[in-house]
Amino acid sequence: SRRHKLYREELNLTSAAAPLPLRPESSWLQFHLGISRDGLYPRSSPTVNRLLRDMRDFTIISADYSQDEKALLGACDCSQIVKPSGVNLKLVLRFQDFGKAMFKPMRQKREEETPEDFFYFVDFQRHNAEIAAFHLDRILDFRRVPPTVGRLINVTKEILEVTKNEILQSVFFVSPASNVCFFAKCPYMCKTEYAVCGNPYLLEGSLSAFLPSLNLAPRISIPNPWIRSYSFDGKEEWEVNPLYCNTVREIYPYSNGNRLLDIVDMAIFDFLTGNMDRHHYEMFTKFGDDGFLLHLDNARGFGRHSHDETSILAPLSQCCTIKRTTLLRLQLLAEPEYRLSDVMRESLLQDRLAPILTEPHLLALDRRLQLILKAVRKCIDTYGEAKVVANDTTQPEAPASDRVKLTT
């Protein structure tokens, strides 16, 4: 009953209406209960596939702007927002069983590449990149990206008619081509030329499952040591100092434990997707300094298949360290019978919006994987395998006491 009360309060369902039942078998609740020190879900979790199906099929009962847009309008606590940009429209959709997902609409067609002259911090956010990032994260056995699925949304019936936000209602319009469109009401994109439009009312998008609320499972946001400069000129120290990692290694928590190795994992993941926009990372505070890093906000990946941004690999090439489990998985995915592009292609076919990635993007994964392995070999040739490859293959499974408990 206490868990039920907490969920109702978090979802603003405290009206005098009849209480909604909270089913223990709900896929959202089971997903939250399955979070552990090892990742967002167990390796062979049946809950994840059920959650993906529910996000794809369940009736949408409400829609609202995300906290980012509300922060810009002064309608929420900005201290809870990592980076209130508002530059790319996203909505919070709610379902039965207290389910909640972040909706990012289609802004760029799959065959379009990010223009060469675009800076990474003004790039489009791509719904298919969010979907592909989840599949890649699961293939790499990181399990640090929330379950994400594609869905075709009826923007009239599933957003306009179910939202109670008058501002969101006010930004819907019919375009000259008779398509139903809407846009973000914020300082940066409150113009119709930035709108997203259905065809005439159906719109592709990604749905990413929400994590437990900050009240139930607090998280901390930490700047990435290899953060990029978010200006048109100027560089960060790591971009000009090849010995930068020596400085990082002297700072806690990168001086011991697995945090630096997790940063390298994150860099490998981002390099494969081509995501240059990893300015922060988040962690659950319950697991302390040894918890895993969350790989959130991946929509700026998969923008250019024709370019490999090797600077993303700076944590690996400068620190010359990698987990043995990560290296073994990468080596396996480089084998012809388990080629990464083939595994990704097969995995992405499960999504209703398939094909999620074009063939050039899939083939770019194989090319980038070889560049990662080449960087590891260079490190081993320089420092020796014993210093480069960290043995993490004997770590025990996290005990039950280390799981996120929504009742605490």
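Glycine is treated like the rest: Cβ placed from N, Cα and C.
Listed features, source TrEMBL:
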| type | residues | note |
| --- | --- | --- |
| BINDING | Lys104, Ser208, Ala209, Phe210, Leu211, Glu282, Asp297 | ATP binding site |
| DOMAIN | 172-389 | domain 'FAM20 C-terminal' |
| ACT_SITE | Asp277 | active site |
| BINDING | Asp297 | Mn(2+) binding site |
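Distribution of TrEMBL features across the structure.
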residue	record	Cβ contacts under 8 Å, 6 or more apart
Ser208	ATP binding site	Ala101, Met102, Lys104, Glu130, Phe134, Pro146, Pro147, Thr148
Ala209	ATP binding site	Trp28, Phe31, Leu51, Met55, Gly99, Lys100, Ala101, Pro146, Pro147, Thr148
Phe210	ATP binding site	Trp28, Val92, Lys100, Ala101, Met102, Pro146
Leu211	ATP binding site	His32, Ile35, Leu40, Pro146, Ala217, Arg219, Leu294
Asp297	ATP binding site	Asp277
For Lys104 (ATP binding site), list the number of other Cβ atoms lying within 10 Å of its Cβ atom. 27
Number of other Cβ atoms within 10 Å of the Cβ of Glu282 (ATP binding site) across all protein chains: 18
Integer average pLDDT (0 to 100) for the domain 'FAM20 C-terminal' (172-389): 93
Count the other Cβ atoms sitting within 10 Å of the Cβ of Asp277 (active site), across every protein chain shown. 18
Among Lys104, Ser208, Ala209, Phe210, Leu211, Glu282, Asp297, which the record lists as binding ATP, how far apart in Å are the two most distant Cα atoms? 20
